[in-house]
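Quick look at what Swiss-Prot lists:
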type: DISULFID; residues: 56-133; note: disulfide bond
type: DISULFID; residues: 64-127; note: disulfide bond
type: DISULFID; residues: 65-105; note: disulfide bond
type: DISULFID; residues: 134-152; note: disulfide bond
type: SIGNAL; residues: 1-18; note: signal peptide
C-alpha cells in the first residue's frame with residue numbers, strides 16, 4: 001500500500017514538472033498582450049481622445065469604466081426537454097458574448113491646448129480599462145415604456 005501511494009505521488013510530481021511553463025508576467029495582459037484582461041472590445045492604439053470623443057457623438061461622453069457586463073450576439077438553440085438547463089444556470093448559453101455594458105465610469109476629457117500647442121493624447125494611454133461612450137443624462141428606465149436604460153456602451157464595439 002505504501003509503495004502504490006508513493007508511486008502515485010511520484011507520478012503526479014513528474015507530470016506536474018513536465019507541464020509547459022507559462023510567462024509569470026502574463027496575468028491581466030488582455031487582448032493582444034495589452035492592458036486589462038476584462039477588455040473584450042479593445043480600441044486601436046492610434047485612436048486619439050479627440051477622435052474617440054467625436055465617435056461617441058454629442059449625446060454621449062467618452063468614459064473609462066471599471067466594471068463590464070457583456071450580453072447579446074450569441075444565440076444557442078437547444079433541443080429536448082432539459083436541453084441547456086444546466087448551461088443556463090451556470091452562466092453559459094445565450095448572452096455570453098457581444099455588446100458590452102459598463103458602470104463605475106469616469107469621464108475622459110479633451111485636453112485644452114496650452115499656448116497654442118495641441119496635445120494629441122492617445123485614448124489607450126489615458127485609460128487602461130474599458131473605454132466606453134456613456135449617455136450624458138443619467139440612465140433611468142423607470143418611466144420608459146420598454147424599461148431599458150443603457151448608460152455606457154463599449155467604444156471598441158462601435159468602431
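Yeah, the Cβs are placed from backbone N, Cα and C, and that goes for glycine too.
Looking only at the disulfide-bonded residues 56, 64, 127, 152, the one with its C-alpha closest to residue 105 (disulfide bond) is 64.
Rounded to a whole number, the distance between the Cα atoms of residue 65 (disulfide bond) and residue 127 (disulfide bond) is 9 Å. Comparing C-alpha positions, residue 56 (disulfide bond) sits nearest to 152 among the disulfide-bonded residues 64, 65, 152.
If you draw a 10 Å sphere around the CB of residue 133 (disulfide bond), it holds 23 other CB atoms from the protein chains shown. A distance of 5 Å separates the Cα atom of residue 152 (disulfide bond) from that of residue 133 (disulfide bond). When the Cα atoms are compared, residue 65 (disulfide bond) and residue 134 (disulfide bond) turn out to be 10 Å apart. Taking Cβ-Cβ distances under 8 Å and a sequence separation of 6 or more, the neighbours of residue 64 (disulfide bond) in its chain are 105, 106, 108, 126, 127, 129, 130, 131, 132. Around residue 134 (disulfide bond), the C-beta neighbours below 8 angstroms that are at least 6 residues distant in the chain are 60, 61, 62, 63, 65, 102, 105, 107, 151, 152. For residue 65 (disulfide bond), the number of other Cβ atoms no farther than 10 Å from its own Cβ, over all displayed protein chains, is 24.
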